[in-house]
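Student: Feature annotation from TrEMBL assigns active site, proton donor/acceptor to C71, C203. What TrEMBL records for D8, S9, Y40, G41, N72, T73, T204, H205 is substrate binding site.
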Amino acid sequence: MPTIGIFDSGAGGLSVFREIYRTLPEAGYIYFADNAFCPYGDKPRDFIIFRARSITDFLLSQGADIIVVACNTATAASISTLREEYSSPDRSVPMREHILDLSAGRHDCVRFIGMEPAVKPAAMLTKTGVIGVLATAGTLSGQKYRRTRDVYSGEVEVVEHVGEGFVELVESGCVSGAVAEKTVRASLQPLLDAGADVIVLGCTHYPFLIDVIRQVAGPSVSVIDPAPAVAHHLVEVMQDEGLLHQPLPASPAFMPGSMSCCMPDGSSAAVHSFVPCDNILLCSSGSPDAVKRLFPVAFRKQSRPI
Ligand code: DGL
């Protein structure tokens, strides 16, 4: 089975990872949380592109065969650049050599799967004709989201709000209780007041707050997490690319080891890693605490326990 590289600004992408794992439990997984620079939400686009490149290089060097950008903000800022630089058919020879080098000759171009804001399914589901989107400022101002929204904004009204403080809550492990409820209500209430009966979670951290979001929104409001659709799309792409059937050199069982990745100042810094089971390597550029805390929460409901 191939090895799937997944990254996010922090532990939020674990909400996507768990859906992928549910579909492909036998694959190898390298998850990278860029905690040293979390949150990405209001960081400049160029900075996020720089981080996305460094993390892609790291994932390829550890054996990834395909990359999932499990972060709406990083998808909005960087996926077209990543596709152009690592996957374009007219890629320059130096980049091809770079990829061949990093992937130990396994690949000379790389496929990237990004997050899609689930505006289309929300538009099909709404009865009030109003859908609400919760996301980071970076995602809401990105071209990718705006284009999708504009396609549907003739048919339905789309109202948006930044999930203020949601990423920080999730990273600190505060996913229930009074503080979580107060924080969620402050950003969700304006969407409910506008008449939204479907809420799209446009940030991969937010599904960790889904119980609180459902409780504040009430039973007549549907909440959409796009992660299952992303997992489904990944499988389709892997099938098309022959990654599911073509025998690839078996990835060795992961072991924690000393690893490093490139920092914005050009230095390299240690990457924390741990291995909850032999086909999963969890890495983080900063403190590993959030990933260690949220991994069991994300994988608690797996049919194949880890
Ligand atoms: N989980 C991310 C997203 O999907 C990043 C949030 C952040 O770092 O601000 O947008």
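Backbone N, Cα and C define each Cβ position, glycine as well.
Predicted, not measured: the structure shown is a model, and the values here were computed from it.
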Student: Expressed to the nearest Å, what is the distance separating C71 (active site, proton donor/acceptor) and Y40 (substrate binding site) at their Cα atoms?
Tutor: 9
Student: In whole Å, how far does the CA atom of D8 (substrate binding site) lie from that of C203 (active site, proton donor/acceptor)?
Tutor: 10
Student: What does DSSP call D8 (substrate binding site) in the simple three-state scheme?
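Tutor: It is in a strand.
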Student: Rounded to the nearest angstrom, how far is the Cα of C203 (active site, proton donor/acceptor) from the Cα of Y40 (substrate binding site)?
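Tutor: Counting only the Cα atoms, the answer is 11 Å.
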Student: Could you round the CA separation between T73 (substrate binding site) and C203 (active site, proton donor/acceptor) to a whole angstrom and send it over?
Tutor: 7
Student: In whole Å, how far is C203 (active site, proton donor/acceptor) from S9 (substrate binding site) when you measure between their Cα atoms?
Tutor: 11
Student: Compute the C-alpha separation of N72 (substrate binding site) from C203 (active site, proton donor/acceptor), stating it in Å without decimals.
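Tutor: So the Cα of C203 (active site, proton donor/acceptor) lies 5 Å away from that of N72 (substrate binding site).
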Student: Where does T73 (substrate binding site) sit in the DSSP three-state scheme?
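Tutor: The three-state answer is helix.
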Student: In whole Å, how far is G41 (substrate binding site) from C203 (active site, proton donor/acceptor) when you measure between their Cα atoms?
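Tutor: Pair distance, Cα basis, whole Å: 9 Å.
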Student: With the substrate site defined by D8, S9, Y40, G41, N72, T73, T204, H205, which remaining residues of that chain have Cβ atoms positioned within 8 Å of the Cβ centroid?
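Tutor: Close Cβ neighbours, site residues excluded: G10, G12, G13, C38, P39, C71, A74, T136, G138, T139, V167, C203.
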Student: How many neighbouring Cβ atoms, not counting its own, are there within 10 Å of the Cβ of H205 (substrate binding site)?
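Tutor: Excluding its own Cβ, the number within 10 Å is 32.
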